[in-house]
């Protein structure tokens, strides 16, 4: 049966994976294992050089220069050690991706739209990595600045398994784990690789079956079948869509997670099945890396937005503000289109209503009545 072509993200990354990215990831794996075996001490720098070469090969000299420029600007601004200034710089750099004249100039660098979109996606994710490094630099004492040097920033920014599409690993976690030297076992790593490949292959087959048999995205992109469907059918279609989203990211994040493990790092936990979620707040609990928010930028927003703004430890107004800023940033980072702002507002409202209801029901008088 023909494939449903309406899920752009799946089609896009599978096409790039088959053409080049999987081969470059295999090259990263080879460099990583050889460096761990022979020159463990210099592994971060070997992987940094490989990541730069892979970036140059895929995005060209101009794309490589854009990412290097973003990193250099972020590092320079971080020297002032002002979190607010760092955030301002990050938002300005992110906003440059949406300036029409800049977009048009970048499109001219490439022969196809797919190549331009690869640069766009990569720079968007790199902005998060640059922000993570810069904020950690601002928060650490002067005695710890040696572990936050510009070479370490480049090793972090150009780490290839997470380069194009994430997932996000905060700089402190990356740095500590990359510096840690462990006993290297070829047999253990080979077993991890084989089991990981089998699992990812199973998820990929399941996703391909869903996209060839169910036509979820083609259905919801057409008004006529939606208008004629019953509410039960619409509910089933919505459930099928989020289930495919879940399986899709088991593949898209499963591959880099496997490579992180092969490099001796601890990857972010893959998401748990959305069918197990019964609480709206639980799904969006920013501290939980196993919720669906791991597919977005949960670890980033929790550490760098939610907690610094007070989070659940502040007053009611502070909690409302920190949650709103979290959803606002997620909406803006994903493109800032109007439907994303509606999406963010509705999710924020859902969290607030559920938490407010729980607080009301926890009052002793209400508990006595119930």
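Quick reminder: no glycine exception, Cβ is built from N, Cα and C everywhere.
TrEMBL has this to say about the protein:
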TRANSMEM  20-39  transmembrane segment
TRANSMEM  46-69  transmembrane segment
TRANSMEM  75-95  transmembrane segment
TRANSMEM  116-135  transmembrane segment
TRANSMEM  150-169  transmembrane segment
TRANSMEM  190-211  transmembrane segment
TRANSMEM  231-251  transmembrane segment
TRANSMEM  314-333  transmembrane segment
Criterion met for the transmembrane segment (20-39) and the transmembrane segment (150-169) (at least three Cβ pairs under 8 Å): yes
Which residues, given as numbers and ranges, are at least 6 beyond the ends of the transmembrane segment (314-333) yet have a Cβ under 8 Å from it? 91, 94, 124, 127-128, 286, 296-297, 301-302, 305-306, 340-341, 343-345, 347-348, 351-352
As a test: from 46-69, 116-135, 150-169, 190-211, 231-251, pick the stretch that has the greatest number of Cβ pairs under 8 Å with the transmembrane segment (75-95). 116-135
With a cut-off of 8 Å between Cβ atoms, can you find at least three pairs linking the transmembrane segment (46-69) to the transmembrane segment (231-251)? Only pairs 6 or more residues apart in sequence count. no
